[in-house]
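Engineer: So TrEMBL lists the following for this protein:
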- His149: active site, proton acceptor (ACT_SITE)
- Asp107, Gly157, Tyr311: substrate binding site (BINDING)
- Asp184, His186, Asp272: divalent metal cation binding site (BINDING)
- 396-409: compositional bias 'Acidic residues' (COMPBIAS)
- 36-324: domain 'Histone deacetylase' (DOMAIN)
- 384-419: region 'Disordered' (REGION)
- 457-484: region 'Disordered' (REGION)
Amino acid sequence: METGGNSLPSGPDGVKRKVLYFYDPEVGNYYYGQGHPMKPHRIRMTHALLAHYGLLQHMQVHKPVPARDRDLCRFHADDYVNFLHNVTPETQQDQLRQLKRFNVGEDCPVFDGLFSFCQTYAGGSIGGAVKLNHGFCDIAINWAGGLHHAKKCEASGFCYVNDIVLAILELLKQHQRVLYVDIDIHHGDGVEEAFYTTDRVMTVSFHKFGDYFPGTGDIRDIGYSKGKYYSLNVPLDDGIDDESYHYLFKPIISKVMEVFRPGAVVLQCGADSLSGDRLGCFNLSIKGHAECVKFMRSFNVPLLLLGGGGYTIRNVARCWCYETGVALGVEVDDKMPQHEYYEYFGPDYNLHVSPSNMENKNSRQLLLEIRNKLLDNLSKLEHAPSVQFQEREPDTELPEADEDQDDGDERWNSDSDMDIDEDRKLIIPSRVKREVIEPETRDPVCSMVQIETIEQTRGFDTATNETGVDVSPMPIDVPTVKVE
């Protein structure tokens with residue numbers, strides 16, 4: 001095992017971490033529609049594996065408190081959030097103009113409980129950030145999160161609300177610098193756009209680049225203004241295997257940790273980069289994918305693990321179960337225990353799957369050029385950015401519902417910025433539709449959008465970049481209220 005960055009203490013990988021896991025039992029009920037590759041049911045399958053492998057007993061298990069409109073509006077536009085809140089399958093035909101405006105339709109359909117789904121997965125990611133800020137855990141996990149394509153004013157790539165941006169904004173209340181790492185096969189475009197002009201968030205995305213959704217993530221896209229060199233893109237070709245992936249991942253991330261010195265890390269663990277994914281074209285094994293989690297864990301920095309893509313759902317569940325074990329420092333058996341979704345994993349009923357014999361189109365020369373270019377970019381950041389910042393207590397406190405708590409009378413601070421709105425009961429669909437046979441489907445289609453950026457500044461002038469796009473930063477709201 002390679003050590004972490006020189007700037008941070010690295011301990012033995014087997015050292016136990018305090019892990020907090022978010023799960024809503026209703027999440028598997030949400031259904032994008034027949035034939036749609038995104039299936040929230042995979043989260044329920046993952047949870048079943050965690051339960052039957054005995055991993056839940058090693059973690060704190062929390063049901064996420066749904067994010068409210070005002071929480072979502074810390075990044076998203078008010079009218080967009082209002083649209084998501086109100087649109088239903090029955091009313092969508094009366095809102096065709098808004099459907100087009102907000103890119104809601106084929107790839108991002110309207111379905112029963114859409115807004116509740118957004119509230120749930122965003123609530124888990126924000127809640128994980130809050131718990132990390134308070135020091136209640138070392139690692140927080142929300143496999144329902146990681147929807148990295150959503151923009152300020154539109155849905156994209158099966159994503160409606162960008163829970164990652166919202167979680168990072170929460171972490172920035174307590175940490176001077178936050179690192180975002182994305183190992184989904186698709187470029188983490190929504191997160192990169194949000195923080196493109198700031199030096200407080202570094203985004204690093206490893207992704208398929210070329211004729212592939214969303215079409216962004218060129219190695220030359222490095223950030224702008226104060227954010228120059230704080231966006232790193234690692235463009236990859238078909239068939240990359242474990243060895244080639246870590247030839248890039250480990251030295252690049254080691255240098256990032258050494259130079260940027262983040263106070264917290266968000267790792268998006270999209271499982272569509274695994275071999276055999278129905279929308280993917282990489283050739284990573286589950287252990288190879290999980291090695292990224294293991295490596296980030298070794299730096300001993302507060303870590304938020306999120307889900308993301310992944311469309312061969314039996315392999316998604318395998319991967320996130322194994323990576324939960326990695327987070328805990330527990331090695332799980334390859335032979336799968338009997339559980340309610342056991343039939344999905346035949347004929348071998350093993351946790352791990354072998355990579356295919358597909359061609360690796362990433363030559364060693366290409367990998368070397370990418371590695372040298374990105375390490376050279378990082379060398380231009382001589383030290384961690386000097387940010388005016390005052391340590392204080394985090395000002396958001398989530399009233400998390402712990403599934404393991406017996407004391408039903410225990411409550412969080414009623415003045416919390418994220419407390420439950422009792423006047424707004426959620427309507428949850430009551431059935432799960434399972435599709436064992438997964439037909440092929442096309443990739444989502446990208447529509448280019450104006451870059452919306454976020455920066456922690458007070459008082460700034462409107463500016464435009466070389467392309468004429470307005471890059472005036474939106475201030476991060478950092479109130480000074482302290483939690484009692």
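Glycine residues also receive a Cβ, built from the backbone N, Cα and C atoms like all the rest.
Are these features on the surface or tucked inside, and what are their neighbours?
Structural biologist: Sequence-distant neighbours of Asp272 (divalent metal cation binding site) (same chain, 6+ residues apart, CB-CB distance under 8 A): Asp184, Ile185, His186, Leu279, Gly280, Gly308, Gly309, Gly310, Tyr311.
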Engineer: Within 10 Å of each Cβ, count the other Cβ atoms, then let me know which of the binding-site residues Gly157, Tyr311 comes out lowest.
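Structural biologist: Taking Gly157, Tyr311 as the binding-site residues, the minimal 10 Å Cβ count falls on Tyr311.
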Engineer: What is the Cβ neighbour count of His149 (active site, proton acceptor) at a 10 Å cut-off, with all protein chains included?
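Structural biologist: Cβ-Cβ neighbours of His149 (active site, proton acceptor) within 10 Å number 29.
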Engineer: Let me make sure I understand the span of the substrate site: among Asp107, Gly157, Tyr311, what is the greatest distance between any two Cα atoms, in Å?
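Structural biologist: In whole numbers, the farthest two Cα atoms are 14 Å apart.
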Engineer: What mean pLDDT score does the domain 'Histone deacetylase' (36-324) have in the model?
Structural biologist: 98
Engineer: Cα of Asp107 (substrate binding site) to Cα of His149 (active site, proton acceptor): how many Å, rounded?
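Structural biologist: The separation of the Cα atoms works out to 12 Å.
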